[in-house]
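Mind having a look at this structure? Questions to follow.
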Amino acid sequence: MAIQVKNNIQWVGQRDWEVRDFHGTEYKTLKGSSYNSYLIREEKTVLIDTVDHKFSREFVQNLSAEIDLKTLDYIIINHAEEDHAGALTELMAQIPGTPIYCTENGIDSINGHHHHPEWNFHVVHTGDSLDIGNGKQLIFVETPMLHWPDSMMTYMTGDAVLFSNDAFGQHYCDEHLFNDEVDQNELFEQCQRYYANILTPFSRLVTPKINEILGFNLPVDMIATSHGVVWRDNPTQIVQRYLEWAADYQEDRITIFYDTMSNNTRMMADAMAQGINEVDPRVAVKIFNVARHDKNEILTNVFRSKGVLVGSSTMNNVMMPKVAGLLEEITGLRFHNKKASAFGSYGWNGGAVDRIQTRLMDCGFETTLALKAKWRPDGDTLAVCRQHGRDIARQWALSPSALTVSAPAVTAVQPASEPEVSCADADLGPRMQCSVCLWIYDPALGEPMQDVAPGTCWQEVPDDFLCPECAMGKEVFDPLSSEAK
């Protein structure tokens, strides 16, 4: 069933109440999702995106009930992922010559999924426009790596609607389409979950891209996303949230997550949480067992936190697998502005804590004292854990706390020193890493494909240099963490 969005714009997407997994099984969609497709009927008839491939036949049937498919003048594909463009093969079988407008990378992605290089592709770039009649145009804005290289947004003049692709969306299914019609707590919870788990690696790109769009000085009366609600009531509120989340976001909270074999590590977590609360009752402390909790909720809480405590029993001299897996995800999400520490119990060798502490440094976190406990914690050991929590609360405080609590001295493990890595020639300075795709520029090697000779330090690399992997500019590069001084 089509739903009117504004004037001659209709939603012709698909709700998916049952979906519980996204990106394989990596993202739990506990509130379902929607695949938002939009039909514009001005002098020209335009379709923006399709739906997930599993709804292809249903989508084409429903669209055929709205219009004669042969009257469709243009198809706009903002993003080629299967939950956006999945119905293209079914649709194009009916109207094979219809022009498809997308980015250059979009053609590569669409062909990679659908294998139809003969389709009528038209490449668009930022600032390009398409006249759709009645004095209205579609203006295109490339948004590479938000969150795929092919991504773009489409703005419709006259109605002032921004078709924003994945940005500002959420995996959230509701019978209502607009943001002012749904539960606000649920909505913003899902917005933050979506940002933390999907867009955080690209936070460095969010603010400049938003500022670029705002720099066009175009009014935005509505933001039509690819998933979840359409923002019609104060649509810029979600833009403001994104600017906050992209700015090394943190709240006054600490997340503790762990896995345990005999509840010994859980006892340590509980005691440390008590100690934190004694010193600073204002801080929110959340504890999660990674074997029993939704990992995306844990990751969202880590994103929100000023600090994280990670615990594991030692098993075969390493950390437990679910903790290792979550730390690998955190490394990829590249959260910033976080403090961290490891803890855990052991029997005869406490290798898990040392490995966690090293992985926390790999995540880019500022690590502080780690804590080990042998066998099952007794009263004295739990007192040490509570004191450790108190020390953490003081060290990580966002604002000074007047409250002091005396307790037994703590026996703690100092964080392992980070190994120093140097370039082949120290005078060339550190290697530089792209914060988007993690490609590394080595001054000793240069980049011959862009005429950057071996032995060229980063300061002398031309300003128009682009990352060979993701085509982003110099501004997204940072010194390789192990070489930063």
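Even glycines carry a Cβ here, placed using N, Cα and C.
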If I go by Swiss-Prot, which of His125, His227, His293, His336 binds Fe cation 2 at the same site as Asp83, Asp166?
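Matched candidate out of His125, His227, His293, His336, per Swiss-Prot for Fe cation 2 with Asp83, Asp166: His227.
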Which of His147, His176 shares the Fe cation 1 site with His79, Glu81, Asp166 per Swiss-Prot?
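Only hit among His147, His176 in Swiss-Prot's Fe cation 1 site, alongside His79, Glu81, Asp166: His147.
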For Cys437 (Fe cation 3 binding site), list the number of other Cβ atoms lying within 10 Å of its Cβ atom.
17
To see if you understand the setup: which same-chain residues, six or more apart in sequence, place their Cβ under 8 Å from that of Gly347 (FMN binding site)?
Thr314, Lys374, Trp375
Starting from the Fe cation 2 site formed by Asp83, Asp166, His227, give every other residue of that chain whose CB sits within 8 Å of the mean position of their CB atoms, in sequence order.
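Apart from the listed residues, the neighbours are Ser33, Tyr35, Asn36, His79, Glu81, His84, Asn165, Gly169, His171, Thr225, Ser226.
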Just to be sure I understand the packing, how many Cβ atoms besides its own are within 10 Å of the Cβ of Asp83 (Fe cation 2 binding site)?
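So the number of other Cβ atoms within 10 Å of Asp83 (Fe cation 2 binding site) is 25.
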Other residues with Cβ within 8 Å of the Cβ centroid of Cys434, Cys437, Cys467, Cys470 at the Fe cation 3 site?
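Same chain, not in Cys434, Cys437, Cys467, Cys470, Cβ within 8 Å: Met145, Val436, Leu438, Trp439, Pro468, Glu469, Ala471, Met472, Val476.
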Does Glu81 (Fe cation 1 binding site) have same-chain partners at least 6 apart in sequence with Cβ under 8 Å from its own Cβ, and which are they?
Ser109, Trp148
Between Cys434 (Fe cation 3 binding site) and His227 (Fe cation 2 binding site), what C-alpha distance do you get in Å?
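Cα-Cα, rounded: 29 Å.
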For His79 (Fe cation 1 binding site), write down the residues of its own chain that are at least 6 apart in sequence and whose Cβ falls under 8 Å from its Cβ; none is a fine answer.
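His79 (Fe cation 1 binding site) has long-range Cβ partners Asp49, Ala85, Gly106, Trp148, Asp150, Ser151, Met152, Asn165, Asp166, Ser226.
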